[in-house]
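Here is what TrEMBL says about this protein:
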{"type": "COMPBIAS", "residues": "1277-1287", "note": "compositional bias 'Basic and acidic residues'"}
{"type": "DOMAIN", "residues": "618-784", "note": "domain 'SSD'"}
{"type": "REGION", "residues": "1272-1293", "note": "region 'Disordered'"}
{"type": "TRANSMEM", "residues": "270-291", "note": "transmembrane segment"}
{"type": "TRANSMEM", "residues": "619-640", "note": "transmembrane segment"}
{"type": "TRANSMEM", "residues": "652-676", "note": "transmembrane segment"}
{"type": "TRANSMEM", "residues": "682-705", "note": "transmembrane segment"}
{"type": "TRANSMEM", "residues": "759-784", "note": "transmembrane segment"}
{"type": "TRANSMEM", "residues": "831-852", "note": "transmembrane segment"}
{"type": "TRANSMEM", "residues": "864-884", "note": "transmembrane segment"}
{"type": "TRANSMEM", "residues": "1093-1113", "note": "transmembrane segment"}
{"type": "TRANSMEM", "residues": "1119-1139", "note": "transmembrane segment"}
{"type": "TRANSMEM", "residues": "1146-1172", "note": "transmembrane segment"}
{"type": "TRANSMEM", "residues": "1192-1210", "note": "transmembrane segment"}
{"type": "TRANSMEM", "residues": "1222-1245", "note": "transmembrane segment"}
Amino acid sequence: MPQAAPTFTPTHRAGYCAFYDECGRNPEVNVSLVPSKVPCLSNTPARVATGALLTLLRAVCPELVRENETTRVCCSLAQLGALQLSVALSGTVLSRCPACARNFANLYCNNICSPNQSLFTNVTRVVNRTVQGVPRAAVVEYQCFYRQDFADASFTSCRGVRLPATGGYAIDTMCGRYGARLCTTQRWLDFQGDKNNGLAPLQIDFQLVPNGTRPGDGIVPLGGRAWRCDQALSAQEQPCSCQDCAESCPPLVAPPGPPPPFRLGDADGALVLCGLLFGLLALIFVVASLCRRSKKDAAPQPAPPERAAGCSARLGDASHRVLARAFRRWGTLVAGHPVVVLAAAVVLAGGLSAGLVTVRLTTDPVELWSAPGSRARQEKDFYDRHFGPFLRTNQVIVTAPGRPSSGYESVVLGAKNFSGVLSEEVLRALLELQERLAAATAWAPAAGREVTLSDVCYAPLNPTNPGLRDCCVNSVTQYFQNNGTRLAMTATQAEGKVTGTVDWHDHLIYCVNSPLSFKDITALELSCMADYGGPVFPYIAFGGYPGSEYTEAEALIVTYSLNNFPHDDPRHEWVLSWERRFLEVVGDFQRAHGPNLSVTFMAERSLEDEINRTTGEDIPVFATSYLVVFAYIALALGEYTAWRRVLVESKVTLALGGIAVVLGAVFASMGFLALLGLPSSLIILEVVPFLVLAVGADNIFIFVQEYQQQSQREPGETREQHLGRVLARVAPSMLLCSLSEVICFLLGALSSMPAVRTFALTAAVAIAFDFLLQMSGFVALVALDARRQEVGARGGPGGPRAGGWALGDPGVPGWSRDGHGVGAGGRVPEVLLFLFLACAGLYLTLQVPVGLDQELAMPKDSYMLQYFAALNQYLAVGVPTYFVTTGGYNFSSPAGINGICSSAGCATDSLTNSIQYATRFPNVSYLAIPATSWVDDFLDWLNPTGRCCRIHQFGSLKGEFCPSTSSDLSCLGGQCLNATRRPSVEEFERFLPWFLHDLPTLQCAKGGLGAYDTAVSMDTNGTILASRFMAYQRPLRTSQEYTAALRAARALAEEITATLRRVPGTHPDFRVFPYTVTYVYYEQYLTVVAEGVVTLALCLVPTFVVSFLLLGMDLRSSAATLLTIAMILVDTVGAMALWDIPYNAVALINLVAAVGISVEFVSHLTCAFAHSTEPSRVERAAEAAVNMGSKVVAGVAMTNLPGIVVLAFAKAQLIQIFFFRLNLIITLVGLAHGLVFLPVLLSYVGPGPRMPAGDAGGDTVAGAEQGAGLALSNPCFEDKDKDKDKATVPGQG
């Protein structure tokens, strides 16, 4: 139990004092932030309070005033004045909770002025002083006895009070080294009584006496009433708010979290449903197959006669005849004038490509992935317009792997463990780095000047004319104001009977628990505030610490905050230049300290720099890829008869021509769109050529190999007519694919994502140009190549030598009708296999992660990958998130103020209270630290008990603002408000600008400069156009978490908006929205799944429609085409889950391209099946697979695969994942479905063979030959065409 020490207070009696009046400064206090005047020993009766003393007592300590009887006190007017200053200092941070402020003031009012002071006070140490020539004993230490319950109640009322400017607790500043987390009643009082805290004028030993006991010697512990924080002090006042007092909070219901995974019992629900779906489809198919077979076995039927063509079929055949006639005439015309046509194609492509000189290459990720009209872009533009762009962050993370930790025994603060990175050696290295960066200069070429850190740094407390010391730099060495001398300081410290040495360890222990302290409690007497004047919160400067044990941190984090300027501002070049120098200096530091320290770093410009670097480095990879494809096309297009004729029979000219057509189409499309004002991007340069090459090469192979297979001219047919006849056979199929793809991509251009829209539009125009150039320039090249080959043939000019071999020729071994799997024995397993793959793909599609982690945007050798790994491992707090209010809200009305603030009297569902509720459920809201509130601090700043808001009462400055640091007599009694209340509209508008530009000081810590001067945007009339309230997210690691955080923040903002719109005077269009720098990148993931489904569905529509129209309104074939492409997409997305490919806008671009490539795999085969004249579906499917499948393999699969494989060697992970892996999946899956599943499907559901048009069932031989093309079975049509062709090119052949 507490005992009274030897005493200078012999009389402990009611109505007696222990000390009275002032006896000068305390000689034992060297550094104090306020005058350290101590009282004089005086164990005498209390004095009567009258006049000015009574008036001031009524204002400062109203509980001590006896209205109906004589008021006695133990303090003089000077003491009460000093007490008023002390109460005002504490009231600055505590007044937002009236019960706490009153309880705290009562403690000191009783200590200093209570008429019964001697009952609970025991003076234990004095020093002799002479005051006005009279010897006096000055009290330098005393014991103060409190009842435990009284002290506990006072502490409890204050422990939850918030600091709106930091989001932390006021108790953090009032409990010394323990901070809010470890603070107790005893520790709280001990700090108040510690003469070394910079505020206490003398040492006070607080003794807490258990209830019902007394320490003896007549001492009676101070007790009495302490207000609970949820109690109102009077009928006119309000209890503390929920944010400051947990007891005031309404019952909070935890918000619903993400829905649990869908399960059926203990099984994965999606897996069960997909399994049941496969079982159902397999059962239906097997039963249907058995029934069909049993019918055939029971009653063998003769082969069904060919069905007569219906109306739709006749219409379709007619359209084919028109197309074939047009292409035949066109081919004959081009072959007759190849040079002219080729020149015209080159001029057209070259002319359009000239538009590339005006192209704008978009590299800004915001412009690429966020539509200008999107919500995130509009909110970003609003934020930038009113508050300026988000600050630029430059960061260094230092760890010391392998360095052992060490223990430290502090004389003052006890035993602590220090991690290996928290050693003086590392701190000095870190200090050296910051000194080099402070001295670093960078040359800005456009500005023609050297740029220093002070030119570009964020200086919150001196924004107009910053020096190096004003720059906001957060690091552990800022606890020593980045001063090596202070880091090296030591001092002798006496703590009770123990004497020892204190050094940087002690100061650091103190500061991490009390970062807002202007003076520690050690003999070092150093401030914890950073050199620029602000606090350094440990969760920003340290990383990888357990709980709140910051001295055990595994990482030290140095953060430079730089101003962000618009791109058209000359200072934008300044900050880019200095960041480049920052990277050089830190890179040198990393190399110098590499053996002992792990140093990771980044600058704001690093992400874009690394993407641009790897793009340049991967250009040779793309070039190699194109060369490989070119070599393959050159060899594959040839038809070889002997080794000695390889140079003659290889198609180098055609291969070059094919590549030229592709590049011409791409450049022409980009140039054409550039002339229309549309920008391009790197992803277009990387994807569109491959896409057009896949589409174009397929058409090239089909045309050239058809020409080789139909190498024998008909009697009397010229070379030009021969070429026209071959073109007529294949061009309608090429038109079917190209038209489907063009319409597909045009519909894909409806996407809201700029990159997807630009890609789809460029692809559509490029494929259209590719088809036109193939029909003109490439046909002309084939004509010239045929003429060359005829001239080079030994056998004379009769055409290519028969009997050669070409890659993709259906005569090549392995391409047989029986071995393809279309036969009856292999069809059922194949269908079941592909049904299983489709259902498995559907299930796996649901497992594909949505998003793009920023690490994937970096090459594998990037220094940024090490930084991201360290960031994810060590960072303890997330990015700041602002809740922004738009115009239309009346902040100046009492109802408007109460709708925003979180102190006493504010609405329970106010903006800041709602955010504070959300931080209680960080796993749902993703918010960790409540919002800072300029409204709350403005109200505290106006509090008349403090000296923050004062007005000059007379003199030349009459009516002007009087700073808290001013001692001008004209400021006395000039408080802005005469009582604690809400300001009027006029007062609000007058005082708010003063608050926003008031520098925070010890006398007034609530000044708004630095914390809030940029948080309110006003017009010239003082109308608030926008304001912001900053909270902090919890650490986010993956793009899925960033997306979920955005979704949760928007939901919270919408709730706040609905609440504030009910405040009288609020405009209906007013709203609150969340904003942070990452939202503009992650907004796309809120809708990318739905948008992807819609985009891909729109891409499938033209495939079906065009197939339906060009295949003679054949519903079955068109449906088979649509189903196969859909299965290709499903299986492709499912395979993404197996190969760790996330779904995002880049993947969507490739999936849109996959639709185009799938059309090539599917439509040619369907077209060949539809116009085959074989007697049964199986034989027609086999013929289509053999004849057209070989061309598809050679033209699509084998064209894509060599180039895709080369991309595996690219440095950029984006290229490896989304171009190598995904395109390889697309090609292999498309090949399997097009060559295996589709023929089998058509053999079951395809239309039966129909009677050739123009034939009533007689001669089918001629019909078969003509029908092998595109229903060109009318002999009259054939003859007339030949006559016209001969008339067009007389005398040739």
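Each Cβ is built from the backbone N, Cα and C atoms, and glycine gets one as well.
All annotation found in TrEMBL is predicted automatically rather than curated by experts.
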For the transmembrane segment (831-852), sequence-distant contacts whose Cβ falls under 8 Å of one of its Cβ atoms, 6 or more beyond its ends: 270-271, 274-275, 277-278, 281-282, 285-286, 1038-1040, 1042-1043, 1082, 1085, 1088-1089, 1127, 1130-1138, 1141-1146, 1233, 1236-1237, 1240-1241, 1244
Winner by Cβ pairs under 8 Å against the transmembrane segment (1093-1113), considering only 619-640, 652-676, 1146-1172, 1192-1210: 1146-1172
Surrounding residues of the transmembrane segment (1222-1245) on its own chain - C-beta under 8 Å, 6+ positions past either end: 690, 820-822, 826-827, 830-831, 834, 1116-1117, 1119-1121, 1123-1124, 1127-1128, 1131-1132, 1135-1136, 1139, 1141, 1147, 1150, 1153-1154, 1157-1158, 1160-1162, 1165-1166, 1169, 1177-1178, 1180-1182, 1184-1185, 1189, 1192-1193, 1196-1197, 1200-1201, 1204-1205, 1207
Seg_contact(the transmembrane segment (682-705), the transmembrane segment (619-640)) with at least 3 CB pairs under 8 angstroms, min sep 6: yes
Stretch with greatest number of CB pairs under 8 Å, the transmembrane segment (1146-1172) reference, 270-291, 619-640, 759-784, 864-884 candidates: 759-784
Candidates 864-884, 1119-1139, 1192-1210; stretch with most C-beta pairs under 8 Å toward the transmembrane segment (619-640): 1192-1210
Overall pLDDT of the domain 'SSD' (618-784), taken as the mean: 81
Contact set, same chain, for the transmembrane segment (759-784): CB under 8 Å, 6 or more residues outside the stretch: 327, 330-331, 334-335, 337-339, 341-342, 344-346, 349, 352, 653-654, 657-658, 660-662, 664-666, 668-670, 672-673, 678, 680-681, 683-684, 687-688, 691-692, 695-696, 699-700, 703-704, 707, 719-720, 723, 727, 731, 734-735, 738, 741-749, 751, 1149, 1152-1153, 1156
Cβ-Cβ under 8 Å with the transmembrane segment (1192-1210): same-chain residues at least 6 beyond its ends: 618, 621-622, 624-626, 628-629, 632-633, 636, 690, 693-694, 697-702, 705, 807-808, 1157, 1160-1161, 1164-1165, 1216, 1219-1220, 1223-1224, 1227, 1230-1231, 1234-1235
